[in-house]
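Data block below; observations after.
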Amino acid sequence: MAGFSKVVATIFLMMLLVFATDMMAEAKICEALSGNFKGLCLSSRDCGNVCRREGFTDGSCIGFRLQCFCTKPCA
């Protein structure tokens, strides 16, 4: 009977671990139009460099109008 209790406890702990990791929330990403990028955004690498100088974590070219949008985790 002691062996059965260990199996049940192990299964319970494994299920708890699966549900706990599933419920963890990812950080939301906020984005804003770059204030310093000039012209058409044709290179997300250039956009990202400008955004990092503005204090963001990254940036990319988005949309039909090819604008540079900066991104960072929301506070």
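Keep in mind that glycine also has a Cβ here, set from the backbone N, Cα and C atoms.
Of the cysteines listed (C41, C68, C70), Swiss-Prot assigns C70 as the disulfide partner of C51. Between C74 and the candidates C30, C41, Swiss-Prot records the disulphide pairing with C30. In this structure, the CA atom of C70 (disulfide bond) is 8 Å away from the CA atom of C47 (disulfide bond). Taking Cβ-Cβ distances under 8 Å and a sequence separation of 6 or more, the neighbours of C61 (disulfide bond) in its chain are C41, L42, S43, S44, C47, Q67, C68, F69.
Within the same chain, residues at least six positions away from C51 (disulfide bond) with a Cβ under 8 Å of its Cβ are S34, F37, T57, D58, G59, C68, C70, T71. The most densely surrounded of the disulfide-bonded residues C41, C68, C74, judged by C-beta neighbours within 10 angstroms, is C68. Look at the disulfide-bonded residues C30, C47, C70 and count other Cβ atoms within 10 Å of each Cβ; C30 has the fewest.
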